[in-house]
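For reference, Swiss-Prot has these:
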- GLY221, SER222, ALA223, ALA224, ALA225, GLY226: NAD(+) binding site (BINDING)
- GLU244: active site (ACT_SITE)
- CYS279: active site (ACT_SITE)
Amino acid sequence: MSGGLFIDGKWRAGQGAGLSSTDPATGEDVWSAATATPADVADAVAAARKAFPAWADRPREERIAILRRYKDILVERAAPYAEALSRETGKALWETRAELASMAGKVDLSIRAYDERTGVTENAMPFGRAVLRHRAHGVMAVLGPFNFPGHLPNGHIVPALLAGDTVVFKPSEETPLAGQLMVEALEAAGAPAGVVNLVQGGRETGQALIAQDIDGLLFTGSAAAGTYFRRYFADRPDVILALELGGNNPLVVWNADDAPEAVAALIVQSAFITTGQRCSCARRLIVPDDASGAAIIEATVALAERLVIGAWNAENEPFMGPLISGRAAKAAREVASATPGKTILALDGVAGLGDAFLKPGIVDVTGLETPDEELFAPLLQVRRVSSFDEALAAANATRYGLSAGLISNESELWDKFLSRIRAGVVNWNRPTTGAAGSMPFGGLGASGNHRPSAYYAADYCAYPVASFEASMVVDTLKDIKGLKA
């Protein structure tokens with residue numbers, strides 16, 4: 001399958017170098033086309049700028065109608081779209097089907113969030129009324145990730161379009177097909193020319209996009225990239241930044257030793273789902289330094305060894321697929337080999353499968369200092385501590401603050417954990433990856449910039465306008481103090 005750019009309502013070939021994506025399970029080609037040059041990107045932004053006034057002025061009900069048609073198209077095309085996402089990312093079909101369902105569900109959630117958080121409110125005043133309205137920013141640049149190449153950019157694009165913004169979307173260079181399919185669906189839904197534009201490419205294309213006259217950058221990706229964007233836009237305070245970055249997420253288990261298998265299931269789902277390629281995956285497991293902690297580790301190892309690893313279309317449905325590429329797997333193994341500690345499960349390759357496949361890894365780092373970095377791979381560090389206070393301190397010993405979890409049967413410990421932990425998503429007896437479109441999703445510190453996405457995406461897609469209004473000119477001369485006679 002091949003594709004290109006979508007600019008001002010037309011598909012066209014890029015003028016840059018070639019770009020291709022491959023199935024990480026097999027290495028087979030999935031998509032190929034030419035990338036966007038800076039001139040192509042400038043055309044896309046100009047088209048979005050030209051389309052903005054009419055789109056923002058369009059009645060809200062008409063924008064909603066287009067987005068609901070988009071939702072219907074996603075539902076109609078769910079089966080082939082899910083297969084395409086699986087081919088490009090390597091994720092199991094059960095996971096990409098869930099991703100498509102989340103994309104479709106985002107439309108109605110965004111409408112509800114828009115009304116609740118950025119709608120119109122009115123209060124009577126002695127002179128008339130005070131009205132709070134919200135206005136679209138303008139042209140939003142959306143940079144998408146590879147791990148959820150549909151769901152995560154969709155979570156920016158849908159609320160932006162609903163608010164009246166126009167969009168220039170650059171998918172990850174690893175997953176260009178996913179971005180193309182999303183834009184094809186929006187085109188089929190009737191999005192007017194210039195309202196949604198697609199440019200393909202890598203870092204150079206992204207750099208060309210942020211250098212343009214944009215009004216906002218909506219980004220999901222690494223903390224390093226987020227730091228770069230903060231610095232880049234330091235002299236452009238007019239550009240709104242919504243940054244959803246990574247995490248070095250802790251999962252604490254305390255006083256839950258009566259059900260080690262159930263605990264292990266939560267740990268495995270936290271650490272190894274999506275082959276560890278979720279920003280909310282647990283990277284650090286903190287347990288008591290006693291027999292109960294040992295039992296939890298033993299049960300987790302036993303369950304991890306039972307996980308089915310395979311291609312997305314394997315007859316025996318896998319829990320874990322490959323990483324996004326062989327390069328990513330090689331880099332992860334290098335980091336794992338440099339991590340201090342005692343290896344419990346090695347982050348090894350999988351016999352009979354390609355070089356992008358890895359087994360889940362577990363390493364005991366008790367008493368050791370480890371780099372405070374996010375490793376986007378199925379590697380879990382275990383730390384044993386002697387008290388719950390020490391567990392809390394270890395959990396908070398990170399510059400990140402995306403997700404955290406407590407597994408415990410004691411509500412008193414949960415109350416303490418909830419009040420002390422520093423993260424934007426804090427779960428109790430649920431995986432750290434547990435999230436919902438009806439709730440905000442975002443983090444603190446190196447994990448974001450206090451503009452959570454999901455239900456709160458409405459907040460950064462429109463700005464508030466406070467108006468004090470009288471329907472006719474009223475004599476306020478008497479209100480002026482200190483007038484000369």
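The backbone N, Cα and C atoms fix where each Cβ goes, and this holds for glycine too.
As the structure is a computational prediction, the values presented were derived from the model and not from experiment.
Distribution of Swiss-Prot features across the structure.
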residue : record              : Cβ within 10 Å
GLY221  : NAD(+) binding site : 21
SER222  : NAD(+) binding site : 17
ALA223  : NAD(+) binding site : 23
ALA224  : NAD(+) binding site : 12
ALA225  : NAD(+) binding site : 18
GLY226  : NAD(+) binding site : 21
GLU244  : active site         : 27
CYS279  : active site         : 27
Reported as an integer number of Å, what is the Cα distance between ALA225 (NAD(+) binding site) and GLU244 (active site)?
10
What Cα-Cα separation, expressed in whole Å, is found between ALA223 (NAD(+) binding site) and GLU244 (active site)?
8
ALA224 (NAD(+) binding site) to GLU244 (active site): how many Å between their Cα atoms?
12
According to DSSP, folded down to helix, strand and coil, what is ALA223 (NAD(+) binding site)?
helix
Additional residues around NAD(+), ordered along the sequence, whose Cβ is within 8 Å of the centroid of GLY221, SER222, ALA223, ALA224, ALA225, GLY226:
THR227, TYR228, LEU243, LEU245, GLY246
Could you give the Cα-Cα distance between CYS279 (active site) and GLY221 (NAD(+) binding site), in whole Å?
8
DSSP-derived class (H/G/I helix, E/B strand, else coil) of GLU244 (active site):
strand
State the Cα to Cα distance, in Å, between GLY221 (NAD(+) binding site) and GLU244 (active site), rounded to an integer.
7
